[in-house]
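Per TrEMBL, the features are as follows:
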type	residues	note
DISULFID	211-232	disulfide bond
DISULFID	310-331	disulfide bond
DOMAIN	47-158	domain 'Ig-like'
DOMAIN	165-260	domain 'Link'
DOMAIN	266-355	domain 'Link'
SIGNAL	1-15	signal peptide
């Protein structure tokens, strides 16, 4: 931008062209520190201001959401040309931003996973809000709203948070057996994605306490502790998120913290007087037009729909679990939660099925 500005000013200084004016006058002056460095200031014009909400915008899986963004000039004036608007998603690992949408006037183009799901909402004057339909788990995060008017380029950020739940996951072959890429895959297989640090922190504030380290979406390995104890960093450390920092994504192995949001369907329990094997359980769900539930779906049904069942049932990964919303005698610990029997190679149980609405 400074090079572009300098070239424009040199072109204007030549005197052989008609004056260029888009509502802004620029002047080069020495900065306040008088150290020889130059800066651009507004000399006789208006400042472009982009405004977004300070508080997060909340949504859930499968919903539609609007990310508000408005712009104005100080002092007020009309734009002299078509405004260019760009939306991008900031990455958790601070690498290059992901393009979401670019628009000039009423013409726009959406990119990647947002193609067909993102468009501008411009009902009001100087509105540049982004509408995302059919929200997905991966949409959670920070978005930049950028407004460009000629040489003026200002932006601000909107924080989109999905209402969801973080759950620790260990695969059938045991603890600390997943590299980063395997952790990504197992979360997806369970109807979830790797959790971000913000999602893990939110779950910690809601009571998550887990003494096994797991991968997060940014490639770090961490774990949440509510009750300090010897085996979990020591009794003298305060409660909080313990961090191993970034780990080698291919060589190092840990568990995973997965994130799942609200469901588009329902989870229900099927039983048989003699119980069922895993294969029989899968078939029973198919017989009623459903599929055997995944772990993320069971956690979501427990958290958002209050699913409470004191009967163990098969899930798609071969584990046996049951959700308790109202703790009671003979149903495990005194706290609500999803109980696990692990991955039994034998045994006959009921099954949790999932059906789309």
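Note: Cβ is positioned from N, Cα and C throughout, glycine not excepted.
Annotations in TrEMBL come from automatic prediction, not curation.
Structural mapping of features recorded in TrEMBL.
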residue	record	Cβ neighbours (10 Å)
211	disulfide bond	14
232	disulfide bond	19
310	disulfide bond	15
331	disulfide bond	15
Margin query: I'm trying to understand the geometry here, so how far is the Cα atom of residue 310 (disulfide bond) from the Cα atom of residue 232 (disulfide bond), in Å to the nearest whole number?
Written below: 30
Checklist line | Average model confidence [pLDDT] within the domain 'Link' (266-355) | finding: 96
Next item on the list: Could you give me the DSSP helix, strand and coil counts for the domain 'Link' (266-355)?
Entry: 21 helix, 26 strand, 43 coil
Checklist line | Spatial separation of residue 211 (disulfide bond) from residue 331 (disulfide bond) - C-alpha basis, Å | finding: 22
Check: Of the residues in the domain 'Ig-like' (47-158), how many are helix, strand and coil by DSSP?
Finding: 6 helix, 58 strand, 48 coil
Margin query: Please list the DSSP helix, strand and coil residue counts for the domain 'Link' (165-260).
Written below: 22 helix, 30 strand, 44 coil
